[in-house]
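Asker: I grabbed these lines from TrEMBL:
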type     : residues : note
ACT_SITE : 96       : active site, proton donor
DISULFID : 52-101   : disulfide bond
DISULFID : 114-123  : disulfide bond
DISULFID : 203-235  : disulfide bond
DOMAIN   : 52-74    : domain 'Glycoside hydrolase family 19 catalytic'
DOMAIN   : 167-177  : domain 'Glycoside hydrolase family 19 catalytic'
SIGNAL   : 1-29     : signal peptide
């Protein structure tokens, strides 16, 4: 059998070499970092006022660092599913934080987020479990298991979510992976993720304006990422 170099001209070999370099990049799946570009992230956070506490807290790099702890995020399903998942989580991040303006819930300390009936993750006297971070993690029954799984003392030091930006993103991803990820990857649509995050206060006609706002962010981000939003958008 003749060798490749004996049967192909030099220009042909050069073309083969170029294709070998370019083709894998063309057909390989995009990573989360490829989709959440600096321009995409900045287009959201730049809408927050310069004086917002979150401006120096949230960043694309910190989000991607947190994503490393959740390898299933943005990797399951085809490219359309992956883009919808990223659009969905950023829609909720945007709504919950006011375009990454807020770290801590507005008037959060005035609220009561202690479920005294939950004995598995009992509230610690003097500690408050109001919303913090990009998904506004709330309640002792979320801080407890989030701390256990991520590796911080969620019950004794819930305030850590508001001081450590990578940890804050990890709590958002923790909640997402436990409550929302499968809703998107199974094709149930964006609407059920609203119900999973704040359904009691927003769904079934309780607050249609906030539902519309979340859907608006989601469809906008889907358009930016070049994917249709799919069906079942509301709750």
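Cβ atoms here come from the backbone N, Cα and C positions, even for glycine.
Any TrEMBL annotation is an automated prediction that lacks curation.
Remember, predicted model here, so these are calculated numbers, not experimental data.
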Asker: CB neighbours of residue 52 (disulfide bond) within 10 A?
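Answerer: So the Cβ neighbour count for residue 52 (disulfide bond) comes to 19.
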Asker: Mean pLDDT, the domain 'Glycoside hydrolase family 19 catalytic' (167-177)?
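Answerer: Averaged over the domain 'Glycoside hydrolase family 19 catalytic' (167-177), per-residue pLDDT gives 98.
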Asker: What same-chain residues lie close to the domain 'Glycoside hydrolase family 19 catalytic' (52-74): Cβ under 8 Å, and 6 or more beyond its ends?
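Answerer: Same-chain contacts beyond the ends: 31-33, 35-36, 38, 41-42, 45, 82, 85-86, 97-98, 100-104, 134, 150, 165-170, 172-174, 176-177, 181.
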Asker: If you measure the residue listed as 'active site, proton donor' to residue 235 (disulfide bond) at Cα, how many Å is it?
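Answerer: Answer for this pair: 17 Å between alpha carbons.
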Asker: About how far apart, in whole Å, are the alpha carbons (Cα) of residue 123 (disulfide bond) and residue 101 (disulfide bond)?
Answerer: 28
Asker: Calculate the distance in Å between the alpha carbons (Cα) of residue 52 (disulfide bond) and residue 114 (disulfide bond), and round it to a whole number.
Answerer: 28
Asker: Rounded to an integer, what is the Cα-Cα distance in Å between residue 203 (disulfide bond) and residue 101 (disulfide bond)?
Answerer: 25
Asker: What whole-number Å value do you get for the CA-CA distance of residue 114 (disulfide bond) and residue 101 (disulfide bond)?
Answerer: 25
Asker: Including all protein chains displayed, how many Cβ atoms other than that of residue 114 (disulfide bond) lie within 10 Å of its Cβ?
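Answerer: A 10 Å sphere around the Cβ of residue 114 (disulfide bond) contains 17 other Cβ atoms.
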